[in-house]
Amino acid sequence: MAEKRNIFLVGPMGAGKSTIGRHLAQMLHLEFHDSDQEIESRTGADIAWVFDVEGEEGFRNRETQVVADLTEKQGIVLATGGGSIQSKEIRNNLSARGIVVYLETTIDKQVARTQRDKRRPLLQVDDPREVLENLAEVRNPLYEEIADVIVKTDEQSAKVVANQIIEQLGF
């Protein structure tokens, strides 16, 4: 596995992809990228605005392009958006261009970690738990399908999880 120098983090909202990714990149002396932040940088607007103006399809099109561009880089850690996994093109790019690490977490942890975050358009509903459960049903099999490594993030700090990833990858 060590021949692939890119590490791509996938998983649901609230799994810790961005936080763990920053630690991982720092520990491995790699560049860190977050696909959502890159979309915001390119559009000059936040994700919620892109969803409002362009809808989910417009956002997903932007996400596909951003992930395609970022996965062509070498020596990066990339935190992907939770829904990016639903794109076959993104799954193919992630699998072909790096090591895919699935950060697995429970619905309870997702709810706890995302409940105050107003920047998550899909969760701005009366029952975010139901949304997260429905998303998990669709997305979890896709995360598992492309994962080279699966790491649970529920009860551990981001730094501990980053260390576990490094150990599992043999870096």
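Positions of Cβ are set from backbone N, Cα and C atoms, glycine also.
Summarising the annotation, Swiss-Prot assigns ATP binding site to GLY14, ALA15, GLY16, LYS17, SER18, THR19, ARG120, GLN156. Marked as Mg(2+) binding site by Swiss-Prot on the basis of sequence analysis: SER18. Taken from Swiss-Prot, the feature substrate binding site covers ASP36, ARG60, GLY82, ARG139, and the record attributes it to sequence analysis.
Features as recorded by Swiss-Prot, highlighted on the structure.
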| residue | record | Cβ contacts under 8 Å, 6 or more apart |
| --- | --- | --- |
| GLY14 | ATP binding site | THR105, LYS109, GLN110, VAL111, ALA112, ARG113, THR114 |
| ALA15 | ATP binding site | GLY82, LEU103, GLU104, THR105, GLN110, THR153 |
| GLY16 | ATP binding site | LEU103, THR105, ARG113, THR153, ALA158, VAL161 |
| LYS17 | ATP binding site | LEU9, VAL10, GLY11, ASP34, ALA79, THR80, GLY82, LEU103 |
| SER18 | ATP binding site | ASP34, ASP36, GLN37, ALA79 |
| THR19 | ATP binding site | ALA158 |
| ARG60 | substrate binding site | GLY83, SER84, GLN86, SER87 |
| ARG139 | substrate binding site | PRO12, GLY82, GLY83, ILE85, GLN86 |
| GLN156 | ATP binding site | GLN164 |
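Within 8 Å of the centroid of the Cβ atoms of ASP36, ARG60, GLY82, ARG139, where the record puts substrate, the same chain has further Cβ atoms from MET13, GLU63, THR80, GLY81, GLY83, SER84, ILE85, GLN86. Its Cβ taken as reference, ASP36 (substrate binding site) is surrounded by 22 other Cβ atoms within 10 Å in the chains shown. Using a 10 Å Cβ-Cβ cutoff, GLY82 (substrate binding site) registers 23 neighbours.
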